[in-house]
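Here you go, one structure.
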């Protein structure tokens with residue numbers, strides 16, 4: 001039996017039974033008793049399946065049915081929409097309204113209601129069959145749409161996985177409803193499912209095509225942007241390299257990069273001139289060439305000032321001049337008295353921004369007063385006693401961790417040693433006598449390897465020692481290490497047992513090199529260090545010393561909880577540092593064993609011309625003799 005036939009049957013039954021229905025307003029019959037109402041509800045619950053929405057209304061309502069309630073839920077919302085013409089639909093809707101009521105308030109007879117329920121059960125079966133038909137139709141639509149979208153998906157699968165997902169999403173049918181939602185919406189969905197299927201398949205094809213085109217455009221744009229970014233990264237990398245070079249080398253790096261950039265500007269200008277027909281830019285070329293020459297001259301001044309060749313910039317851009325060679329080979333090396341830390345002296349305050357470093361800068365009272373005030377503030381927040389004990393118990397451990405993290409890359413090779421200490425230069429000459437050099441606190445070999453590299457003395461023996469085992473390993477494992485002349489061992493200068501380093505006999509060392517090592521010892525270790533140092537030095541030997549000076553920029557910059565005691569600090573990595581004055585250094589070394597040869601303070605003003613900053617650095621340098 002079809003749905004249309006069922007509706008017609010409902011209409012005929014309603015006409016036949018219309019006279020039997022009594023209007024409560026006109027006849028004023030009393031309502032059914034409670035027992036009859038209960039029996040009616042029991043019959044309803046047993047006879048009507050719960051899947052049909054109409055049953056729920058009759059189970060929860062009394063016999064008297066309000067026409068307004070029935071109007072809110074007409075039967076046509078619960079029945080599937082048949083594929084019939086418009087006239088059948090209108091007739092069906094009219095008959096359904098008649099089933100519910102014949103007037104404003106209809107009193108339904110129990111027998112009539114049971115007959116109606118039996119017919120409606122038949123309608124529920126039809127509804128179930130129509131639901132199954134709609135599910136089958138939906139599955140067929142899904143298969144059709146999937147079949148349409150599959151070729152596009154295969155094309156787009158090679159390009160991008162996201163396209164495949166979008167095509168699949170476009171071709172898939174709508175999500176399944178729950179049973180109650182399906183019963184409520186089945187009529188509307190059946191009427192439009194064919195149209196939706198066609199639209200879905202069309203959208204799948206259009207979506208896959210549009211996504212393919214948009215994805216291809218995006219990929220092309222990404223490639224273009226990536227090329228641009230790579231070009232910018234390369235440019236920035238070159239700038240960063242020149243910047244880092246300038247930071248690591250106070251004088252040479254900045255001017256060398258400036259020279260390179262100035263030369264590049266000249267080259268760029270020449271390229272532009274070729275395209276500027278008839279335009280004379282000779283004046284600009286001459287100006288840039290003059291600027292380049294000035295930068296070259298400044299670079300050569302910096303090289304002479306530092307006393308070393310430039311190995312950080314463009315070697316083709318800056319070549320050594322006769323002035324540089326004569327300065328380093330003639331006037332400076334071999335000169336022992338007095339110390340000469342540099343030649344660039346600041347005579348006029350207005351010239352301070354002309355260079356990035358000035359030598360022999362005397363501190364005024366204002367600078368000293370500012371440094372003392374900052375140090376007083378540091379004393380208000382010293383290192384706690386518990387932490388102080390940890391830092392002082394095993395200082396070698398913190399230096400070992402330091403070299404584990406930084407390896408040999410932290411400090412630069414000290415190529416200025418043979419200029420500031422000509423005795424080292426004399427010891428490495430080919431015609432020099434047999435000599436033993438002992439570097440204490442060798443670290444990663446930044447002093448050891450420059451001496452070994454320049455050595456021409458077949459009778460030279462150089463020993464490197466450090467109390468950090470990892471530092472000694474770095475020296476031994478370096479490609480520059482030459483066991484023919486060099487030896488490396490672990491040794492603590494302030495060891496309380498007075499043990500000598502491995503491979504060193506008592507009073508066998510001619511020159512002891514102490515470059516930035518003595519500052520790592522605590523003041524209560526100085527006396528023991530002097531005893532051990534005296535044991536290894538020959539009579540007539542020398543001690544070469546350089547370390548941090550009092551009021552140095554690094555001392556003034558220390559923050560809270562860093563000061564251990566006067567002029568003695570702990571860094572953030574746990575390593576300790578002391579800042580010496582000439583008076584304190586003289587007191588330590590000449591107290592018992594050694595004689596003062598010379599002591600000097602290297603004061604230098606570093607200038608950040610871009611940020612207009614002045615930074616005062618201070619180092620103490622000395623040579624001590626061992627009595628005969």
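Any Cβ shown, glycine's included, is placed from N, Cα and C.
Swiss-Prot lists 399, 403, 441, 466, 492, 493, 515 with the feature S-adenosyl-L-methionine binding site. Residues or ranges marked as compositional bias 'Basic and acidic residues' in Swiss-Prot: 1-18, 32-42. If you look up Swiss-Prot, you'll see 22-31, 196-207, 231-240 marked as compositional bias 'Polar residues'. Among the features that Swiss-Prot reports, compositional bias 'Acidic residues' is placed at 53-62, 132-146, 173-186. Summarising the annotation, Swiss-Prot assigns compositional bias 'Basic residues' to 215-230. The phosphoserine annotation in Swiss-Prot covers 93, 321, 326. Residues or ranges marked as region 'Disordered' in Swiss-Prot: 1-106, 124-269, 302-331.
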If H, G and I count as helix, E and B as strand, and all else as coil, what does DSSP give for residue 466 (S-adenosyl-L-methionine binding site)?
strand
Look at the binding-site residues 399, 403 and tell me which residue has the greatest number of other C-beta atoms within 10 angstroms of its C-beta.
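The largest 10 Å Cβ neighbour count belongs to 399.
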List every residue in the same chain as residue 466 (S-adenosyl-L-methionine binding site), at least 6 positions away in sequence, whose Cβ is under 8 Å from its Cβ.
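Looking at Cβ-Cβ distances below 8 Å from residue 466 (S-adenosyl-L-methionine binding site), excluding near sequence neighbours, one finds 399, 441, 442, 443, 472, 475, 490, 491.
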Would you count the other C-beta atoms found within 10 angstroms of the C-beta of residue 493 (S-adenosyl-L-methionine binding site) for me?
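The answer is 23 other Cβ atoms.
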Among all the protein chains here, how many other CB atoms are within 10 A of the CB of residue 515 (S-adenosyl-L-methionine binding site)?
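There are 21 such Cβ atoms around residue 515 (S-adenosyl-L-methionine binding site).
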Using DSSP reduced to three states, classify residue 492 (S-adenosyl-L-methionine binding site) as helix, strand or coil.
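DSSP call for residue 492 (S-adenosyl-L-methionine binding site): coil, neither helix nor strand.
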Neighbour count, 10 Å Cβ-Cβ cut-off, for residue 492 (S-adenosyl-L-methionine binding site): what number do you get?
22
Using DSSP with the three-state reduction, classify residue 515 (S-adenosyl-L-methionine binding site) as helix, strand or coil.
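Once the DSSP labels are grouped into three classes, residue 515 (S-adenosyl-L-methionine binding site) ends up as strand.
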